[in-house]
């Protein structure tokens, strides 16, 4: 109940408007920081946003950005560190000024200093409230809260907490940030000029280039083409038969008339049978070739996406919605100019060619008159096609942006609903559709004029033909039968032209889609993950060295993340920890080790070999990572763990073994379907801690030489953390283990602790050594690690 009222009796939207929610896994939309915070409530001012940012300890790092609150956060907040994302999400919740604020492990991703700013104490066991009260009251009871507090070594006095409530640390120069040149949201309407510039930058693509991808289906294409040519001959031949039938009635001999009627009837039956067979062959084989081509193009496009480097996905133009549009819409549009459409074009071309030849044979004078009119129809078709191409490009951009909005809203539906932003996303989606709708109205006017003119002009041509044909008959230069043959042949030819013009819009959209597709297919990845070239050493010892490494993200070259970082990690030192405030370059170092990016200066060495000289697949097979935000696939628990080793079919007993090591086996066995339990989309059926432990189990299954733990235990409760940490300590034996940690209690026993600040190593050594230094001592003191 809320205010003594059953929540089932309350209006859902009104009820949710009084809540502010910060989840364990921060959800940001691919827009600016300003817009992300503004989504918290309608009608908020810039002052409200700044106030919320200050309360969430986010204001200082935001103001360090060149674009400040107009900085783009990237797809799913990819250009922000975990702590920065969490603080923006907290600001979004606070700007609502909610009556009820729910913090679901809201500080799990925050560094020590930020965590002291936003505290939440929700102690639960098996989903039930066990104890409630102030810190002092709960400590006096020496119950569940007391044991949790002791396990985390909470020994801070109230004054100490207050004195550290806010941090003035400014470490913002190392934030990976993209798209400095644009302060507009992905949701902002593109101007007509920018759309045109974007499209004209793409090279012109001939559809022959696409047809070459269909060469393996040449038997189907040949059979379909032969059938299309045969179908194209039917109408010209019929024009001759039709003219003879008309003149047949001039004969007064009933016997001859009956005989001729029977012959022509049989001819019609034969034509019907031929058409049935030929049209069936044309539709079957061209349709088959077209569907295979479409499937092949989708496969090539998806493969090309997977081949791209991580920096390519950082670009806001390559968001989930945009890439989905290429697979779903662009390739479907290409099909509009391939497959069965090619059969129709071949048939119409044959029809028009034979019609002209027959017309020249039976009345060249009349044919020349008609052909002199043809350029006018051709010009109309060219104008229509040019207009359609331009509008197709604009429609594509608007639909792409609409797709981005829909994807963001649906992917993050829990956040969308909890902040009651359904109407806001609906309005943004409708605005994009309205822009596309306006383009469609303009397009409809141009098409209508061209379509009306082309069809009306055909009848003007008929009038001229009849008048000129009558003159030729009177002059004795043409027979009535010849005039009917020419007229009928040209009429069928005009129908073929009209049918071809109808396909012009599809042809234009196909060329536009092909340009986008081949731009993707021909894009060479900066780091080719699928190349079989470069070195594949027989043995990986696990020695790592950062040698004078400097790095900035490709989409933000003016902000240096790492500054001449040098540190060797020998195999003997099995556990090395990187610590520091959010955004200091810890996770960036982990990404360089996985060769998601290459340093702009210096080298990352593995066993003394530059990572650039090693085969990427081999290198990554030696590394396992457990990230701060666990990623699970929408399949069973067993399948998710088995993804740790895709080189073989992993037996269930091995899966159970690593699950037990990650302290998740008992929980899985308690489920009705045990290891066959579906985890849901992005693992939504599991809690954050459960997802994290599955990710740890998956990493352990790989048995890597190098284990990367990027806040691997940040989502675990205190009871599970120590057990899992013990498992990780055992797992690190015999391999190099690099740990990125906010909770310093998890790395006290590390062989080497490296303190990063603004992308530089400020302090390094063992825990006890560093306690005598300034920066690490402050971090430790803030967490009261004994």
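We count from 1, first residue shown onward.
Glycine residues also receive a Cβ, built from the backbone N, Cα and C atoms like all the rest.
Just so you know, TrEMBL annotations are computer predictions that nobody has curated.
These features come from TrEMBL:
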DOMAIN    222-509  domain 'ABC transmembrane type-1'
DOMAIN    544-783  domain 'ABC transporter'
TRANSMEM  221-243  transmembrane segment
TRANSMEM  263-286  transmembrane segment
TRANSMEM  368-391  transmembrane segment
TRANSMEM  446-464  transmembrane segment
TRANSMEM  484-504  transmembrane segment
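Taking Cβ pairs closer than 8 Å, the transmembrane segment (221-243) reaches residues 214, 264, 267, 271, 274-275, 278-279, 281-282, 284-286, 289, 342-344, 346-351, 353-355, 357-358, 481-482, 484-485, 488-489, 491-493, 495-496 in its own chain, all 6 or more past its ends.
Outside the transmembrane segment (263-286), and at least 6 residues removed from its termini, the chain residues within Cβ reach (under 8 Å) are 220-221, 223-224, 226-228, 230-231, 234, 237-238, 241, 244-245, 248, 339-340, 342-343, 347. Confidence for the domain 'ABC transporter' (544-783), expressed as mean pLDDT, is 83.
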